[in-house]
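Engineer: Please see the structure below; I have some questions.
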Amino acid sequence: MVLLAAAVCTKAGKAIVSRQFVEMTRTRIEGLLAAFPKLMNTGKQHTFVETESVRYVYQPMEKLYMVLITTKNSNILEDLETLRLFSRVIPEYCRALEENEISEHCFDLIFAFDEIVALGYRENVNLAQIRTFTEMDSHEEKVFRAVRETQEREAKAEMRRKAKELQQARRDAERQGKKAPGFGGFGSSAVSGGSTAAMITETIIETDKPKVAPAPARPSGPSKALKLGAKGKEVDNFVDKLKSEGETIMSSSMGKRTSEATKMHAPPINMESVHMKIEEKITLTCGRDGGLQNMELHGMIMLRISDDKYGRIRLHVENEDKKGVQLQTHPNVDKKLFTAESLIGLKNPEKSFPVNSDVGVLKWRLQTTEESFIPLTINCWPSESGNGCDVNIEYELQEDNLELNDVVITIPLPSGVGAPVIGEIDGEYRHDSRRNTLEWCLPVIDAKNKSGSLEFSIAGQPNDFFPVQVSFVSKKNYCNIQVTKVTQVDGNSPVRFSTETTFLVDKYEIL
């Protein structure tokens with residue numbers, strides 16, 4: 001079977017969306033679709049018509065047609081089966097079978113069509129697999145949007161709460177000022193009230209940085225000296241109040257140093273004309289008493305070529321994985337070549353990879369409940385005492401070849417019981433009194449720093465300290481799949497390339 005094109009058109013032959021799987025000009029495909037309605041015979045029940053050069057296999061969809069254009073020597077049974085799959089794909093992305101709806105989701109349909117057919121030949125996929133393949137790239141964006149919306153809601157709520165607190169503090173200060181002898185009359189009270197109002201305005205503007213102490217405002221007007229003094233006292237009182245609540249207050253210079261250290265930790269990558277991005281994401285759920293409930297890891301090699309002279313290349317893949325991952329190549333990649341020689345190249349060696357776009361050429365997946373596969377084990381042991389709970393938390397790196405950076409282990413705390421009393425700790429900690437969490441921060445966990453512990457005491461019950469959540473990033477991938485060499489198709493000469501490897505957490509919980 002050789003499929004030339006798949007299209008959705010009107011009954012008059014106007015193309016709404018069309019995907020060509022062979023070299024074909026726009027004029028040619030529009031001419032074929034325009035001739036299609038004239039060939040149909042309404043008196044017959046056939047679902048295909050033929051011309052001297054091509055065959056149309058079609059299915060009516062209300063006021064539209066789903067049309068496959070194939071060669072005349074193709075297998076009509078396979079054509080009909082493929083047509084049914086195309087017809088089932090369209091309602092997945094379009095709520096109504098109308099021209100406007102099809103046009104609005106044209107790119108989604110084209111991506112789905114590409115999963116069904118590659119270079120004119122049907123791929124062995126079903127509807128569920130097509131849905132999975134096309135939605136995979138948008139998962140990260142959905143997570144990012146959800147996190148951003150949550151942060152915006154929390155920031156607005158925090159802004160309103162802070163404004164109410166500061167207004168209440170102003171009213172209390174005014175009441176105390178009227179009762180205190182020799183306060184200075186209405187003039188001083190008016191100046192103090194004005195500076196407090198300015199402080200409320202600035203706090204609302206700066207709510208995106210709730211943990212940074214606000215700097216004094218620039219003075220303006222004739223009473224600038226009084227405002228500076230009042231402002232400084234109000235800020236000091238506000239900072240002392242936050243510290244009493246358990247907040248960590250950073251100065252602006254400390255914030256700059258932290259930002260600079262983060263930038264130094266992640267130096268820019270020198271990208272060559274051929275650049276590979278290897279990314280893995282892990283989703284893991286463990287029980288508090290031990291045992292792995294589920295672990296799922298997804299990985300992908302993305303290829304980006306910035307110079308068209310390196311379009312016809314092959315990637316030499318070294319797979320040292322011993323955990324049993326499932327590998328899957330892109331439909332346009334020669335699967336036989338990859339299976340036999342671990343080479344990633346196009347089925348048609350005369351074609352080139354796309355230029356200036358990220359192309360996923362290899363995916364892999366690992367799903368297991370084998371406890372020995374856990375990269376970083378976390379043991380949380382809360383034990384009740386007379387005044388609450390003594391909590392011991394330990395971590396241990398099980399994969400010695402990994403180096404985990406920016407590790408944060410987040411432990412929930414009971415609300416309304418104050419800050420925890422920290423005993424022994426490896427690394428640093430942050431207490432967030434608003435979210436009632438304790439964050440255990442470790443800059444690096446590797447073979448030289450495989451294990452560590454944290455001890456603290458606080459009022460509460462053992463169930464209050466779960467679920468424990470973990471986040472980290474790593475420049476070494478978990479499954480040990482690497483691109484070791486890149487060569488050109490013609491002459492097998494080596495090509496310079498760069499690689500960027502990232503292993504990060506999608507979800508990592510101890511329930």
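Cβ from N, Cα, C; glycine included.
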Engineer: Look through SER138, SER223, SER251, SER451 and state which residue has the annotation phosphoserine in Swiss-Prot.
Structural biologist: SER223
Engineer: Looking at SER192, SER244, SER253, which one is marked phosphoserine in Swiss-Prot?
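Structural biologist: Annotation hit in Swiss-Prot: SER244.
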Engineer: Looking at Swiss-Prot, which of LYS309, LYS322, LYS448 is flagged as N6-acetyllysine?
Structural biologist: LYS309
Engineer: Select, from LYS233, LYS281, LYS476, the one residue given the annotation N6-acetyllysine by Swiss-Prot.
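Structural biologist: Swiss-Prot records N6-acetyllysine at LYS233.
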Engineer: Distance between LYS309 (N6-acetyllysine) and LYS351 (N6-acetyllysine) at the Cα atoms, whole Å?
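Structural biologist: Cα-Cα, rounded: 12 Å.
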Engineer: For LYS351 (N6-acetyllysine), what is the secondary structure state per DSSP, taken as helix, strand or coil?
Structural biologist: coil
